[in-house]
Amino acid sequence: MNAPLPKAPMNWIAIFALVFLPIVAVIAIPLYAMNHDFSAAAWISMIILLGVSSLGITAGYHRLWAHRAYEATLPLKIILMLMGTFAVQNSILFWASGHRTHHRHVDDVDQDPYSINRGFWYAHIGWMLRDYPAAAPNYKNAPDLLKDKVVMFQDKYYIPLVIAVHAAILLPIGWAVGDMWGVLLLSGLMRLILSHHVTFFINSLCHMWGKRPYTDENTARDNFVLAIATWGEGYHNYHHIFQYDYRNGVKWWQYDPTKWLIWSCSKLGLAKNLRRIPSFNIKKAELAMKFKYAEQDLAIYGLNMTDDIATAKQRISQEYDAFSQTLNDWAKLKEQEIQAKKTAVAEKIHQMDDKLKLEFQQVEQRLSHHRETLNQLMRNLKKKTV
Ligand SMILES: [Zn+2]
Ligand SMILES: [Zn+2]
């Protein structure tokens with residue numbers, strides 16, 4: 001049983017944005033629609049601006065500032081800051097620092113600002129409606145942000161910037177398409193509410209629904225449907241184990257528009273040093289989990305131990321030993337690489353690199369082999385136990 005939440009003062013600004021505005025929306029939008037038609041342009045601008053504000057959070061607030069997953073040039077930083085300001089989720093400094101705390105203390109009921117172990121509503125929205133101690137600003141984990149001029153400028157002038165960005169985006173669109181009220185209600189109000197809940201899903205549903213292919217040490221889940229809703233952030237299990245990777249959907253086919261945006265910015269010279277976790281580490285985490293799941297399945301099948309299950313168990317255990325050996329060999333190669341770099345004379349480094357590269361590739365291929373063998377063994381086992 002979790003300790004009860006401490007009584008905390010209400011946060012009236014958050015209540016205005018997260019409770020009052022949605023109430024206004026559900027009354028005002030249908031009332032307006034009874035007497036007027038929303039123009040197609042108002043609907044289209046709502047969809048585009050939903051992307052603008054959401055990507056400001058995912059590519060800017062989250063992957064750039066909270067995780068330093070890549071470096072951005074000043075023009076890109078300013079654009080992302082303005083896009084994120086348009087999403088009205090507090091300043092970058094507050095958001096990114098709180099998010100670092102979330103990663104550091106994930107699931108801890110007292111220290112994770114939006115711990116899912118306090119329930120869906122708390123993780124989704126409740127944590128913002130009162131000033132709970134877990135979410136109190138503490139910028140000790142953000143010395144880099146305190147030195148970032150764009151971040152500090154936004155933090156200082158946050159409210160005027162929110163108003164200015166809304167005016168600068170919505171009024172010209174409303175005027176240009178000749179549907180000012182339509183644009184204000186759909187692209188202003190409704191877009192803001194949708195954009196809020198899209199982000200909030202990452203803290204709530206992405207810690208509840210989906211698979212855990214990389215780690216089960218926290219509640220974060222990978223979920224394709226949520227990835228669609230959240231501009232690629234739905235691969236949250238991967239993200240919690242490898243938070244510095246600029247990709248959340250790490251496989252090439254996974255739907256992660258934020259990753260594609262950052263990659264495109266790097267091709268345009270606006271971003272650089274995109275951080276990628278080495279593929280060996282990713283495969284290693286995935287395979288370690290597969291062995292764990294195999295062990296859990298075996299424990300269930302094992303209640304009814306037959307010769308087939310006993311043999312499969314033995315084969316899986318052998319494969320696990322081989323997997324451990326591969327990890328040892330990899331660690332030895334890493335050590336060799338470090339030593340080689342220390343001692344080799346400049347002209348030999350290149351030669352050595354090529355040789356080591358080949359050996360690294362060979363060891364990495366062994367991981368694929370372990371995965372295939374394990375998959376095959378588990379498939380056979382399932383067939384026999386059905
Ligand atoms: Zn999370
Ligand atoms: Zn994160």
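Here the Cβ of each residue, glycine as well, is placed from N, Cα and C on the backbone.
According to TrEMBL, the features are:
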{"type": "DOMAIN", "residues": "42-263", "note": "domain 'Fatty acid desaturase'"}
{"type": "TRANSMEM", "residues": "12-33", "note": "transmembrane segment"}
{"type": "TRANSMEM", "residues": "40-62", "note": "transmembrane segment"}
{"type": "TRANSMEM", "residues": "74-96", "note": "transmembrane segment"}
{"type": "TRANSMEM", "residues": "157-177", "note": "transmembrane segment"}
{"type": "TRANSMEM", "residues": "183-202", "note": "transmembrane segment"}
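Put simply, of 12-33, 40-62, 74-96, 157-177, the stretch with the most CB pairs closer than 8 A to the transmembrane segment (183-202) is 40-62. Beyond the ends of the transmembrane segment (74-96), by six or more residues, the same chain brings 17, 49, 52-57, 59-62, 64-66, 137, 139, 142, 145-146, 148, 150-152, 154-155, 158, 161-162, 165-166, 169, 192, 195-196, 199, 265, 270-271 to within a C-beta distance below 8 angstroms of the stretch.
When averaged over the domain 'Fatty acid desaturase' (42-263), pLDDT in the model lands at 96.
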